[in-house]
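Listed features, source Swiss-Prot:
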- 60-89: repeat 'ANK 1' (REPEAT)
- 93-122: repeat 'ANK 2' (REPEAT)
- 132-161: repeat 'ANK 3' (REPEAT)
- 165-194: repeat 'ANK 4' (REPEAT)
- 198-227: repeat 'ANK 5' (REPEAT)
- 232-261: repeat 'ANK 6' (REPEAT)
- 265-295: repeat 'ANK 7' (REPEAT)
- 322-353: repeat 'ANK 8' (REPEAT)
- 357-395: repeat 'ANK 9' (REPEAT)
Amino acid sequence: MYIIMNDFNGDDFNGDDFHSKTQHLNKLFNLIKSNKEKEFMDYINQLTPDQIDINIRDENGNYMIFFAIIMNSSTILKKLIKYGARLDVFDTEGNSVMYYPIKFGYYEIIDVLIDYDSKIIGISLINIKDHKGSVPLFYAIKYRNKYALQQLLSKDANANYRNNDNVNALHMAVLKKDISMVKLVIKHIKNLNARTRQGSTALHYACNFQLYDITKLLLDNGADQNIIELELDFYPIFYSVIQNDINISKLLVDYGANPNHQDYEGNTILHYCVIYNHMEIFDYIMNNYVIRCRSSDLYIEDINSKADIPRDHIDPNVVNLDGLTVVHLMLYDYKEEYDNFLKKLIPYCNLNYQDNTGNTILHLIAENNIWNKFDNLLNVKKLNIFIRNNNGKTVLDMIQVRYREIFIDTIVKSYYNYLNKYDNGWLLQWQNECSGSNLSEISEKKCLELIRNDVVNNKISLPTKKNKKSITIINDEIVHFSTFTGSLIDTVSGFKYLTKKYPKAASLIIDNQEITSDLQNYYQSIGIQINISQNIVQFEIKWIYQKIFMPIEFENTMQQIILSNKYKYIIFPISIILSSGNHSNGLFYDLEKQVIERFEPHGSDYPNKFNYNPDLLDDILEKKFKIIMSSIYHKNINIRYLRPRDYLPKIGFQTIENTEININKNIGDPNGFCTLWTIWYLDYRLSYADYDPSKLTRNLINEIRVNNYSFRNIIRNYSKKITDLRDYYLNKINRNINDYLNNRLTVNNTRDILRIIVDDDATVI
């Protein structure tokens, strides 16, 4: 028995009709499964469409039309269509009727189906999606059926359709490594830079699979090289460089690849050229780009400044996750063949920037005993030879004793040349007398003697500018066991600490424990239960599954803060929640300058493999604040909104700290200090509010390195400031952090502690 009874509606015909239809269908299924085309046609021609329902499936769930297609019988197919066969059905594996003729190259069947499709209204066979998310175009590309591909495209098949992985026809054609198919498809693609779920474009695939002709075709049609995939933050050229694909690498360079792009480890293509010793590509890049730093003044070299460097320029000061510039890498594995490259790069390098082991480029030049090769370049560089690496060694320690006097001569010349760059801009009188136009007041010989004395006896190899603003990193009391948890009470205590320390700063901690109705409803819709034992106050901006929720009474509280005229700054925590985990950011709002900065503790981008869609978050925040502030001031307020990529380095504080986990992890350390890094940064941001944020961030990182501080120790030690205040508040209600974490606080407890926090006006130092 072939018939599935559930497909019948017994009310539509009497028992005799049902019996005869069953017999006819069984006979037809027997004939078609036996490939008896003539007998099938003879039998069905004796029947009228009313005598059979050819849309009934057999006992295995198969439709008759699929047997006609598989046996490549256009005659039977046409007959079944004439008898009312449905074409919008799928086989037991979820494939559409277009699948088998395309797979097996049954061109006549393809033509029959496409021709019939053009005559009907409803679901189009051309673009029908199967149960796996594939469309006929995908079948044609998968099985390299160019005839089907041409026919489908000529009938306006949607080449821009994306499956569940966001893969479109162009992606598939490139993955099949077939340029003829790519040429057919590319004419119909609206967005050549469409990205898959993993963030890859067709150009990524072409470079990854070393497809030169396809890469060139894509570039000629306008493919964008400046798009990253989401797994490794790779740009297309990264695949080519790492695989030492010289031809495609050169092609991408010729089409303007940006040599300063970084992946998630902070490496650029120049880093990878050195790491894998792909020096032919390195040489080609060096010869096709101008080298420059972020300032035309050779004495001012900025590491990770956010000042724009044109794409046709090499920035030699880009650092990776290990704190290494490309010159660091070359010097750690020094070869004489690097000399010509080093001579080009050194004039534009910050020779005093320390990597994660504390070594500067100058340390490595000294260690390799090649400083004399670059003596003429070092003469015009800022040279701090007294920076100590993690082993406590200075640059001078690495110079062989017999050469130290000669080396100091180079340092003296550098010092002298640096003085002459600026008139009367120095801290000491004799330095001003030795600078620029003032040199007539004192002999050059005398100046060199004074400088040598400063270097040898005072251990100073760089003059200090007058009125220089210096940043001091406070390395707090050593904490071996931190109880900071990153929980809401820690966040509240941290932001309260900041507003106590900086009276001109305000946060949105108010005496109201309510949760906004939209947040309550959203929590219910996604099955999140509010923990009333830990609900102190909703003062965070929440970014939950890429949906934003502002704090309770947000606009009203903002208005009160602004109209009070007591505050210059407002600080906000941002709580980020994804299915893969939680994260924290912060906002710094300068009310006088009308500038908002979003701080991401990991740097300019989201943490690796934690894409919370920062661009959308920034777009929404910028728009919301402009609307709210314009409403408060009753006029259009033009807020300057700085995204992390506008001022933060690729490798930020927490990313650097994470590199120390294997060598510096204590019991009690949380999985991440993102909340604490946000509080720590806002502390320094408020302390140095007049600083450019890019310069502040750069100097903070540099100061931590120069002082040989551990990033993890810095943040762990800082935690005590917050946990002490938190424990003080908890002690006021006779509770401790364990009570809080174990949900032992009552609703009255949380109300009491909120009032204590709100009423705490005492300042801290």
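If you go along the chain as it appears here, the first residue is 1 and each next one adds 1.
In case you wondered, yes, glycine gets a Cβ from its N, Cα and C as well.
With a threshold of 8 Å between CB atoms, the same-chain residues lying at least 6 positions outside the repeat 'ANK 2' (93-122) that come near it are 65-66, 69-70, 72, 74, 77-78, 81, 87, 128-132, 136, 139-140, 143, 145, 147-148, 151-152, 155. Here the repeat 'ANK 7' (265-295) has Cβ contacts under 8 Å with residues 237-238, 241-242, 244, 246, 249-250, 253-254, 257, 259, 301-302, 305, 307, 309, 312-322, 324, 326, 329-330, 333, 337, 341, 344-345, 347-350, 650-651 of the same chain, all six or more residues outside its ends. If you look at the repeat 'ANK 5' (198-227), the same-chain residues 6 or more away from its ends with a CB under 8 A from one of its CBs are 165, 170-171, 173-175, 177, 179, 182-183, 186, 192, 234-237, 239-240, 243, 245, 247-248, 251-252, 255-258, 261, 311. The list of residues near the repeat 'ANK 1' (60-89) in space but at least 6 beyond its ends in sequence, with Cβ under 8 angstroms from a Cβ of it, reads 4, 25, 28-29, 32-33, 35, 37, 40-41, 44, 49, 52, 54, 96-97, 100-101, 104, 106, 108-109, 112-113, 116-117, 120, 122-123, 125, 128. Confidence annotation: the repeat 'ANK 9' (357-395) carries a mean pLDDT of 95 in the model.
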